[in-house]
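Per TrEMBL, the features are:
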{"type": "BINDING", "residues": "His78, His133, His252, His256", "note": "Fe cation binding site"}
{"type": "TRANSMEM", "residues": "50-76", "note": "transmembrane segment"}
{"type": "TRANSMEM", "residues": "88-112", "note": "transmembrane segment"}
{"type": "TRANSMEM", "residues": "118-135", "note": "transmembrane segment"}
{"type": "TRANSMEM", "residues": "155-173", "note": "transmembrane segment"}
{"type": "TRANSMEM", "residues": "193-214", "note": "transmembrane segment"}
{"type": "TRANSMEM", "residues": "226-250", "note": "transmembrane segment"}
{"type": "TRANSMEM", "residues": "283-303", "note": "transmembrane segment"}
{"type": "TRANSMEM", "residues": "315-333", "note": "transmembrane segment"}
Amino acid sequence: MTAARAGRVRVASGREGLTGLPDHGVAVPVPPVLPSCSLPAGAASSFSRAAVAVAVVGSWLVPPWVVLIAGLVAGLPHGAVDHLVPRWWLGARAPWMLLVVSVYAATAAASYLAFRTWPVAAVALFLAVSAWHFASGETGFADLRAGRALAGRRLRAVGHVVAVLALPVLLHPDGVLPLLRVVVDAPVELPPGSGTAVAVAAVVGLLVVAGVLATDLSRGRRAEAVDLGLLVLLAVLVHPLAAFGVYFGAWHSVRHLARTLVDDPGNARLLADGRLGAALRRFAVSAALPTLASLLLVGALVVAADGWRGFASEYLALLAGLTVPHLVTVAWADRRRAAASSAVTVQQPPVRAGVRVAARGPRPPW
Ligand SMILES: CC1=C(/C=C/C(C)=C/C=C/C(C)=C/C=O)C(C)(C)CCC1
Ligand SMILES: [Fe+2]
């Protein structure tokens with residue numbers, strides 16, 4: 001019996017406390033098990049680390065733009081069940097769903113147009129909100145994996161953003177500038193003589209991540225230190241476009257998927273029973289149509305685009321357009337989750353739609 005299966009006793013109704021005392025107060029023996037949310041978190045943790053390790057060793061075998069495009073496509077489905085998020089948290093029914101989908105599509109279209117109309121300002125704003133989204137996704141995932149809210153969230157968020165967005169650009173500006181020029185449709189250049197400033201900024205960035213790593217290790221947050229260490233290796237050793245593709249497709253979106261599986265009340269029983277494959281299949285079914293629609297849009301761009309430059313710029317504008325409502329949805333779900341867990345005592349885990357939201361258990365071994 002797996003640890004997750006052994007945990008079934010505790011999560012079956014979602015109404016037992018962490019002590020194993022059901023609501024009617026009869027003590028039952030509780031084996032030392034991991035909470036059911038550990039299953040997707042553990043799998044996502046191992047998968048994303050393995051992907052980064054493989055990229056660090058072997059990414060030079062594949063052209064960076066291929067890895068970037070593959071990662072961007074692989075990451076598409078992670079936002080494909082966003083339209084279900086309000087239902088998970090509010091129990092909203094069909095007419096609301098229509099409204100949610102319409103607002104989502106309108107926001108995506110408006111963001112796409114903003115990206116096309118004011119590319120420089122839009123890219124700057126987009127990078128800022130992306131940094132926030134990546135950081136909150138990562139710290140939220142770390143909490144899920146640990147089974148509790150980890151301390152040092154702000155510091156770890158800064159370390160994460162420096163590792164995944166700042167260091168790749170500062171260490172390899174020549175790898176990013178050509179694509180950035182295409183995206184903003186302007187001759188973006190580093191100001192003459194700015195080489196030293198960029199080098200100094202890169203050293204500062206490395207010092208920041210070293211500080212975060214040292215703090216994580218000294219506070220016993222080993223898993224978070226391993227993650228940050230791997231992302232720094234990715235930033236230092238891999239072409240920045242390939243690094244972003246790997247991060248987006250195999251790290252951010254996979255970890256987001258783990259949180260999504262736990263959030264979906266329909267998966268509570270499956271995960272408690274250790275049936276990760278079945279929960280993934282449910283996700284695949286829900287994500288299929290929106291992912292297909294996005295892929296068709298991308299396909300139409302490939303056909304309509306005038307060469308790879310036109311395609312790259314359209315594709316990133318489309319990605320940015322789809323991303324804005326995704327960022328809003330995820331931020332809203334984060335607030336609901338935070339409110340749900342702060343309303344809960346140690347004895348009584350959050351219950352939403354009759355299902356326990358997140359179990360707080362012993363820290364898992366990864
Ligand atoms: C602008 C730009 C880039 C950044 C893209 C970003 C930051 C995408 C963020 C996506 C998000 C936040 C998705 C949601 O989950 C690249 C590809 C590095 C290449 C150069 C141009
Ligand atoms: Fe995301």
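Glycine is treated like the rest: Cβ placed from N, Cα and C.
Where the annotation comes from TrEMBL, it is an automatic prediction and has not been curated.
Contact between the transmembrane segment (283-303) and the transmembrane segment (50-76) holds: at least three of their C-beta pairs are under 8 Å, each pair 6 or more apart in sequence. Long-range Cβ neighbours of His133 (Fe cation binding site) (same chain, at least 6 residues apart, Cβ-Cβ under 8 Å): Thr323, His326, Leu327, Val330, Ala331. Long-range neighbours of His78 (Fe cation binding site) (same chain, six or more residues apart, CB within less than 8 Å of its CB): His252, Ser253, Val254, His256, Leu257, Thr260. Long-range Cβ contacts of the transmembrane segment (155-173) within its own chain (Cβ-Cβ under 8 Å, at least 6 residues beyond either end) map to 127, 130-131, 134-136, 138-139, 142, 190, 198, 201-202, 205-206, 208-209, 211-213, 215-216, 221, 224, 228, 231-232, 234-236, 239-240, 243-244, 247.
Cβ neighbour count for His256 (Fe cation binding site): 23 (other Cβ atoms within 10 Å of its Cβ, all protein chains included). Cβ neighbour count for His252 (Fe cation binding site): 23 (other Cβ atoms within 10 Å of its Cβ, all protein chains included). For the transmembrane segment (315-333), the list of distant contacts is 72, 79, 82, 85, 88-89, 103-105, 107-113, 115-116, 119, 122-123, 126, 129-130, 132-133, 136-137, 183, 256, 263, 294, 297-298, 301: same-chain residues at least six beyond its ends, Cβ to Cβ under 8 Å. Counting C-beta pairs under 8 angstroms (sequence separation of 6 or more), the transmembrane segment (226-250) fails to reach the transmembrane segment (88-112), with fewer than 3 such pairs. Excluding the listed site residues His78, His133, His252, His256, the same chain places Gly75, Gly79, Phe134, Gly137, Phe248, Ser253, Arg255, His326, Val330 with Cβ atoms within 8 Å of the centre of the Fe cation site Cβ atoms. Taking Cβ pairs closer than 8 Å, the transmembrane segment (50-76) reaches residues 175, 230-231, 233-234, 237-254, 291, 294-295, 298, 315, 319 in its own chain, all 6 or more past its ends.
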